[in-house]
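Annotated domain 'EamA' per TrEMBL: 15-137, 157-290, in sequence order. What TrEMBL lists as transmembrane segment is 36-57, 69-87, 93-117, 124-144, 156-176, 183-205, 217-240, 252-269, 275-293.
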Amino acid sequence: MQARTPYSVAAGALLPAVSCWGMAPVATRYLLTDLTPIQIILIRFAISTILLLPPLLQLRRQRWSRVEIGLAILCGLLNSIGYNLTVAFGLHFIAASLGGILIATEPIWILLLSLLITHERPHWSIWLGFVVAAIGIGVGTLLGNTRDISLTGTQIFGAGLTLLAAFMWSAYTILIRPLTAKYGASSCTALTTFIGTLPLFVFYTPQVATNVLHLNVYGWLALCLLTVGSTVIATMLWNYGVASMPGSQAGLFLYLVPLISVIGGALFLHEVITAGVLISGVLILAGVCIAQARQFMQQRPAREPLKYT
């Protein structure tokens with residue numbers, strides 16, 4: 001069982017995690033020129049499993065109950081199939097900026113699931129920050145880069161898949177928390193990544209290796225970001241941070257994802273940043289700061305390790 005974690009440490013783990021995920025839509029869209037969504041996810045999780053072998057081998061020293069193993073299997077599938085594979089397909093049809101905005105609905109789902117499953121009662125400052133950041137997302141949607149956002153059939157299909165993926169990740173966030181609190185972030189990340197990788201090998205063909213070998217330098221950098229940054233490091237940091245503070249409060253950090261996605265889309269994919277996007281970014285940052293200010297000023301431990309009842 002882990003000891004109580006200081007708030008600054010928990011928040012310090014969540015910030016780099018969401019930064020990596022903010023760049024993930026940009027890297028994914030770049031790789032989609034050479035790889036299919038299934039190939040991207042398969043490669044990501046296969047390499048990530050290899051990198052996570054050390055903590056995976058440590059699981060032999062831990063005693064997981066059948067219920068906990070079942071929960072880990074569910075979390076692994078929610079991570080690989082439910083979120084990553086689904087969002088990769090969704091981003092194939094929409095702009096990275098729109099993808100970031102839709103993924104940013106995750107705090108809404110996390111808040112609702114926290115109320116429903118863990119019966120959390122967020123402080124009023126968290127509700128206020130939630131509303132301000134949500135307004136920022138709305139401003140970004142209405143006044144953002146409308147040239148990349150249309151109502152064509154493919155756009156609607158891609159947006160629907162991305163929204164579904166956001167819900168799946170939110171469910172993963174809530175369900176992984178008691179496991180991480182008990183066994184640690186590295187063990188849970190290693191096990192769920194390994195479990196999530198297994199069904200992906202159904203999609204393996206020799207063409208996967210051929211396409212990877214033909215990636216250019218920027219393609220390898222994008223793949224490295226998705227594998228080492230997003231799948232391994234960011235997931236481990238997220239699992240650690242989210243087990244150390246209420247889910248509704250941790251979920252607000254995900255509002256930073258679209259802001260980083262838009263910046264990354266402008267820098268690397270030449271997508272346009274408008275005045276509406278800038279206003280949206282200010283509101284998102286303000287909302288996150290409002291929600292975190294009370295606990296940051298008090299500098300209390302984030303929370304006791306939790307169990308579901």
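Just so you know, glycine gets a Cβ as well, placed from its N, Cα and C.
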_Candidates 69-87, 93-117, 275-293; stretch with most C-beta pairs under 8 Å toward the transmembrane segment (183-205)_ = 69-87
*Return yes if the transmembrane segment (217-240) and the transmembrane segment (93-117) have at least 3 CB pairs under 8 Å (sequence gap of 6 or more), otherwise no.*
no
*Apart from its near flanks, which chain residues at least 6 from the ends of the transmembrane segment (36-57) lie with a Cβ under 8 angstroms of it?*
28, 80, 84-85, 88-89, 91-92, 186-187, 189-191, 193-194, 196-197, 200-201, 203-204, 207-208, 211-212, 223, 226-228, 230-232
*For the transmembrane segment (252-269), could you work out the same-chain residues 6 or more beyond its ends whose Cβ comes under 8 Å from its Cβ atoms?*
11, 14-15, 17-19, 21-23, 25-26, 29-30, 95-97, 99-101, 103-104, 106-107, 110, 126, 129-130, 133-134, 136-137, 140, 144, 241, 277, 280-281, 284-285, 287-288, 291-292
*Taking helix as H, G and I and strand as E and B in DSSP, count the residues of the domain 'EamA' (15-137) in helix, strand and coil.*
102 helix, 0 strand, 21 coil
*Give, as a single whole number between 0 and 100, the mean pLDDT over the domain 'EamA' (157-290).*
85
*Tally of helix, strand and coil residues over the domain 'EamA' (157-290) according to DSSP?*
118 helix, 0 strand, 16 coil
